[in-house]
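Asker: Sending over a structure as structure tokens; questions will come in a sec.
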């Protein structure tokens, strides 16, 4: 069976774009919608939590979360995601994509609702229960990374596979927008119903008791879209590649895909026998894997790790940028709910202008330009713009030049999304064998989350002022924003170099990329492949 593909897999590879492709994108993308919604909203919520639970009478500024509490609330979901990516990635190869897919979604829905119901009599206990549920929310979200990517890559055709996997990831953009728009609507309606003076006029009355409902409602609504897709997730059949190549049930794969593709697919009894006779192939911790895919795995893990350091460090500069360009006035000149409204509005504008378009540029061009070219281009421009922000940093801090700073900053993140942020998600779902695909994607994604933790927290300390007296309350002195930007530029340049380890998968079948056609050659029955290297399966 060397070089020869089961007809059911060939049918998927050459299938025209159909309605089921779009339903698969929406069903698979809802996990990312929830992920982005949640990550987006927590930054709005932390400001409000500080005012509600850490208010100190007589202070000039409104209450804010202490650094360790802020790091816990923001970081615990990252830790959960990292653990979920590794665990569910492995489980997706062991039990099948479909069985595990429902579990991750239910976990997300339950924990989104539970984190909005965080309870306790003291600020400490409310934060502790919030952190507990956010860890498990992250765990569910983590499982969605390898499973959604693998399911979409195994359902898609060769020609548009990159665009489909990128579209699943691009649902994050809609999650960010939905989070922003919902927070704007909710905060403006609460503001209208419960009027409050600004903090500097009346510190106590600036945070109305009803503000406690705002953050809870915002967090809980994130569960809705995911819950709505649960039924369709359960209706999706197991992917043909898992059923045929891992579970060795090619007959079942043919009947499942006949329904999905709405065409007759021959069961091919002779090939089914061959599939059953095949050995399972090499595992993850073998010399064969290291020889064939070791550098590929190093490429996917290192580029995702380096990208996420730069990508998640953006949170550091956002608050400074918004304040600098006057989108957000000083905290004491607003009441608690008004602050949520202002930050949500500013973040939604940034998302609308740079983040969301970047995702969809990738979807449009990934199958024309290829993954490799987009990733190289993205890292290149991110490096250029980071250095352009860093070297003349003092120039950008002058009031007249701030709009220029925001444009450069937005372009950096446009090229992150029309670049490595999307491609690092797509490629690991295409280049590894079916039996290890979900695991390897999970490992790559977990490496990315490790980078996110470094970016979000390492740089929080690193970017502090070199003079301890000018650093944020509770933080030690750092290396300053300018030097931090230079470090980020170097990290992006390293990402550019590590991209050369990643192979191009544009227009190739998954079996061609992973070498499974050659692996699946039963002893003594090999026939020479055709001149093209692959024979086409018989047409039903």
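Here the Cβ of each residue, glycine as well, is placed from N, Cα and C on the backbone.
Pulled the feature table from TrEMBL, pasting it below:
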- 513-524: compositional bias 'Acidic residues' (COMPBIAS)
- 24-507: domain 'Major facilitator superfamily (MFS) profile' (DOMAIN)
- 509-540: region 'Disordered' (REGION)
- 20-49: transmembrane segment (TRANSMEM)
- 69-88: transmembrane segment (TRANSMEM)
- 100-119: transmembrane segment (TRANSMEM)
- 125-143: transmembrane segment (TRANSMEM)
- 164-193: transmembrane segment (TRANSMEM)
- 213-232: transmembrane segment (TRANSMEM)
- 349-366: transmembrane segment (TRANSMEM)
- 372-391: transmembrane segment (TRANSMEM)
- 403-422: transmembrane segment (TRANSMEM)
- 442-463: transmembrane segment (TRANSMEM)
- 484-503: transmembrane segment (TRANSMEM)
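Would you situate these features in the structure and describe their surroundings?
Answerer: A Cβ distance under 8 Å defines the sequence-distant neighbours of the transmembrane segment (20-49), meaning residues of its chain 6+ beyond its ends; these are 64-65, 70, 73-74, 77, 81, 104-105, 108, 112, 127, 134, 137, 141, 144, 148, 151-152, 155-157, 160, 164, 167-176, 178-180, 183, 211, 214-215, 218-219, 222-223, 225-226, 228-229, 232-233, 236, 260-261, 315, 318, 331, 336-337, 339-340, 343-344, 347, 351.
Here the transmembrane segment (69-88) has long-range neighbours at 35, 38-39, 42-43, 46, 49, 54, 100, 103-104, 127, 130-131, 134-147, 438, 442-443, 445-446, 449-450, 452-453, 456-457, 460, meaning same-chain residues at least 6 beyond its ends whose C-beta is under 8 angstroms from one of its own.
Long-range contacts of the transmembrane segment (213-232) within its own chain (CB-CB distance under 8 A, at least 6 residues past either end) are made by residues 23, 26-27, 30-31, 33-34, 37-38, 41-42, 44-45, 48-49, 52, 102, 105-106, 108-110, 112-113, 115-118, 178-179, 182-183, 186-187, 190, 337, 340.
If you look at the transmembrane segment (372-391), the same-chain residues 6 or more away from its ends with a CB under 8 A from one of its CBs are 303, 307, 310, 362, 365-366, 405, 408-409, 411-412, 415-416, 418-424, 427, 482-483, 485-486, 488-489, 492-493, 495-496, 499, 502-504.
Within the chain carrying the transmembrane segment (442-463), a Cβ under 8 angstroms from the stretch's Cβ atoms is held by residues 71, 74-75, 78-79, 81-82, 85-90, 92, 142, 145-146, 297, 300-302, 304-313, 315-317, 424-425, 428, 475-476, 478-481, 483-484, 487-488, all 6 or more beyond its ends.
Long-range contacts of the transmembrane segment (484-503) within the same chain: residues 295-296, 298-300, 302-303, 306-307, 309-310, 313, 316, 371-372, 375-376, 379-380, 382-383, 386-387, 389-391, 393, 420, 427, 431, 459, 462-463, 478, 513, each at least 6 residues beyond the stretch ends and with a Cβ under 8 Å from a Cβ of the stretch.
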Asker: May I ask which of the stretches 125-143, 164-193, 349-366 has the most CB pairs under 8 A with the transmembrane segment (403-422)?
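Answerer: When the Cβ pairs under 8 Å are tallied, 349-366 comes out ahead.
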Asker: Taking residues 6+ outside the transmembrane segment (349-366), which of them lie with a CB under 8 Å of any CB in it?
Answerer: 40, 162-163, 166-167, 169-170, 172-174, 176-177, 180, 318, 327, 374, 410-411, 413-419, 421-423, 426, 506
Asker: Looking only at residues six or more beyond either end of the transmembrane segment (164-193), which have a C-beta under 8 A from one in the stretch?
Answerer: 21, 24-26, 28-30, 32-38, 40-41, 44, 148-149, 152-153, 155-156, 208, 210-211, 213-214, 217-218, 221-222, 225, 335, 337-338, 340-341, 344-345, 347-348, 351-352, 355-356, 359-360, 362-363, 366, 417, 422-423, 425-426, 429-430
